[in-house]
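Novice: Taken from TrEMBL, the feature [4Fe-4S] cluster 1 binding site applies to B:Cys12, B:Cys26, B:Cys29, B:Cys35. Positions annotated as ATP binding site by TrEMBL: B:Gly66, B:Lys67, B:Gly68, B:Gly69, B:Val70, B:Gly71, B:Lys72, B:Ser73. The feature [4Fe-4S] cluster 2 binding site is assigned by TrEMBL to B:Cys239, B:Cys242. Positions annotated as compositional bias 'Polar residues' by TrEMBL: B:14-23. Sequence annotations record features per position, and here TrEMBL assigns region 'Disordered' to B:1-23.
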Amino acid sequence: MDHSGEKGNLSQVQHVVLVLSGKGGVGKSTLTTELALALRHAGKTVGILDVDLCGPSIPRMLGADQQVVHQCDAGWVPVYTDTQKSLALMSIGFLLESPDEAVVWRGPKKTALIGQFVSDVAWGELDFLLVDTPPGTSDEHLAVVENLRKHKVDGAILVTTPQAVSTGDVRREITFCKKIGLRILGIVENMSGFVCPHCSECSNIFSKGGGEELAKLTGSPFLGCVPLDPQLTASIEEGKDFMQAFPESSTFSSINRIAQAVMASTEAA
Amino acid sequence: MADVPSNAPEHCPGTSSAQAGKSSSCQGCPNQAICASGATKAPDPAIEEIRVKMASVKHKVLVLSGKGGVGKSTISTQLAHGLAGDSTTEVALLDVDICGPSIPKMMGVEGEQVHQSGSGWSPVYVEDNLAVMSVGFLLSSPDDAIIWRGPKKNGMIKQFLRDVDWGQVDYLIVDTPPGTSDEHLSVVQYLCGAGVDGAIIVTTPQEVSLQDVRKVIRFCEKVGLPVIGVVENMSGFLCPKCKTMTQIFPPTTGGAEKMCLDMGLSFLERVPLDPRIGKSCDEGRAFLMDVADSPAAAAYRNIVRRVTEYCASRRHQGDAD
């Protein structure tokens with residue numbers, strides 16, 4: 001079906017992937033950021049839409065927190081992290097006057113802004129648009145899915161940490177995906193084990209294997225584990241490109257594998 | 001009167017919202033005229049009902065964080081266990097995280113049901129002096145997702161505050177979802193008549209988390225909610241083999257202590273990462289009692305002490321007024 005007439009600003013976007021989790025702080029934004037960088041290293045042009053309105057982290061994670069959004073005829077111009085314009089970002093973080101400013105909004109206002117984010121950002125040509133979401137199954141998620149309905153969404157990546165308290169929330173998110181007819185590209189187990197930099201002993205701080213178990217239980221593909229890595233948290237803190245800085249680390253290869261799997265499953269569909 | 005009438009359209013902004021009767025979704029709603037008249041924007045009568053209900057609750061403490069997954073529910077449960085360690089103290093724990101209720105699992109009461117009695121909903125008792133209420137008890141299966149927009153969540157929170165039969169309680173701890181949105185506004189607004197002692201703010205050491213937490217502190221300022229203090233959770237990991245401390249989430253900007261100094265807030269405690277905490281929570285056991293000799297348990301005990309002292313001093317101030 002040809003929707004190009006009504007798709008507007010998203011007409012030149014090839015694939016749309018949502019990053020979801022019922023649980024907060026499991027690494028949705030970190031994974032979105034690293035996945036975007038990995039896809040870019042694979043030669044793709046990538047956009048990130050951050051719809052976490054109360055806690056936007058993406059601008060800082062990509063070292064773009066000082067940037068502002070400009071207007072053009074087609075709408076809002078996203079912020080580019082590089083001169084080749086291969087990685088574009090849009091976040092409410094770019095619209096706030098001070099980084100400490102709180103966005104104390106109830107649902108309907110959030111829904112309205114997300115509608116604008118989906119329709120009014122001039123993304124241009126993109127291979128992938130990754131949508132980073134806040135935790136839960138509420139206003140923001142419904143708003144994104146409803147507004148993207150005109151456009152084909154390839155599917156969702158679900159992020160969890162290994163412990164049962166987290167997989168329990170993600171199980172609910174899977175029900176959400178099924179209810180609204182969103183394809184699950186796969187589950188990622190983040191913060192999976194920590195290797196002590198001194199003695200190389202691996203401690204499973206948040207237990208182990210919960211993500212894979214959940215994937216089996218719900219019949220979803222398992223995309224892999226990402227370990228706890230102080231180098232990754234430090235890169236995220238400083239807005240540095242981890243995928244460029246530590247190509248020899250095991251974290252790099254696990255993220256890269258996830259990126260390859262995402263490319264394979266979206267391009268096959 | 002619920003915030004969203006049952007015959008309202010899907011995108012109803014809520015009868016008490018500034019958009020009531022005026023938003024595009026109000027077109028054709030049978031309640032549009034009354035909403036537009038402003039009659040529904042008068043203070044919700046539930047605020048007074050909640051004030052009366054809460055007269056039997058001495059202290060109310062919120063646990064907040066702008067960031068998800070920093071350990072709000074873990075801190076809430078350990079605080080509840082710690083306070084309830086004194087058998088003469090009655091403790092209640094209310095989980096207002098509607099989309100991701102973790103409290104039932106962490107307290108080992110998953111799958112329990114809430115019963116209705118003449119005086120309201122009976123909470124689930126973990127100990128004789130420790131009662132728990134969560135939307136988790138109202139779900140029929142662990143797969144059940146609550147896909148609710150704000151107004152519906154607000155209605156649920158109102159019911160939790162107004163209709164749960166807590167009885168005589170010394171401490172009510174309210175565990176919240178991440179962010180500064182519907183759930184937080186609702187709790188604060190519904191409790192404004194009854195009065196909240198203050199909020200404990202939970203963060204992890206890294207700036208990505210602190211930047212969200214500063215927003216929640218601004219939120220507390222905006223709504224006039226006192227901050228009891230800030231807890232830095234996941235603060236360093238002690239390798240069980242070589243005993244080296246690693247900062248997995250590095251405090252690149254000085255962590256919570258520096259933020260407290262800058263913002264004039266009390267810094268309560270640093271709680272280290274310990275694999276046994278997550279394990280206890282998964283199994284619904286009280287880490288604080290199970291591994292009482294660990295550094296993390298000592299940190300939790302100190303948080304309990306600080307909160308008790310804070311609440312006691314507020315009580316004295318209240319008496320003096």
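Placed from the backbone N, Cα and C atoms, the Cβ positions cover glycine too.
Neighbours and distances for these, please.
Specialist: Classification of B:Cys35 ([4Fe-4S] cluster 1 binding site) by DSSP places it within a helix. Sequence-distant neighbours of B:Cys35 ([4Fe-4S] cluster 1 binding site) (same chain, 6+ residues apart, CB-CB distance under 8 A): B:Thr15, B:Ala20, B:Gly21, B:Lys22, B:Cys26, B:Cys29.
Under the three-state DSSP scheme, B:Gly66 (ATP binding site) falls in the coil class.
Note on B:Cys239 ([4Fe-4S] cluster 2 binding site): other Cβ atoms within 10 Å of its Cβ, all shown chains, come to 19.
Non-local neighbours of the compositional bias 'Polar residues' (B:14-23) in the same chain are 1, 3-5, 31-37, 40-41, 44, 150-151, 154; each lies 6+ residues outside the stretch with a CB under 8 Å from one of its CB atoms.
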Novice: For a quick check of packing: other C-beta atoms within 10 Å of the C-beta of B:Val70 (ATP binding site), how many?
Specialist: 26
Novice: Whole-number Å distance between the CA of B:Val70 (ATP binding site) and the CA of B:Cys12 ([4Fe-4S] cluster 1 binding site)?
Specialist: 32
Novice: I'd like to know which binding-site residues lie near chain A: of B:Cys26, B:Cys29, B:Cys35, B:Lys67, which have a CB under 8 A from one of its CB atoms?
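Specialist: Near chain A - Cβ to Cβ under 8 Å - we find B:Lys67.
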Novice: For B:Gly71 (ATP binding site) and B:Cys239 ([4Fe-4S] cluster 2 binding site), determine the Cα separation and express it in whole Å.
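Specialist: Spelling it out, the Cα of B:Gly71 (ATP binding site) and the Cα of B:Cys239 ([4Fe-4S] cluster 2 binding site) are 20 Å apart.
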Novice: Count the residues of the region 'Disordered' (B:1-23) that DSSP assigns to helix (H, G, I), to strand (E, B) and to coil, and report the three numbers in that order.
Specialist: 0 helix, 0 strand, 23 coil
Novice: Of the binding-site residues B:Cys12, B:Cys239, B:Cys242, which one has its Cα closest to the Cα of B:Ser73 (ATP binding site)?
Specialist: B:Cys239
Novice: Below 8 Å Cβ to Cβ and six or more residues apart, same chain only. Which residues does that give for B:Cys12 ([4Fe-4S] cluster 1 binding site)?
Specialist: B:Val4, B:Pro5, B:Ser25, B:Cys26, B:Cys29, B:Pro151
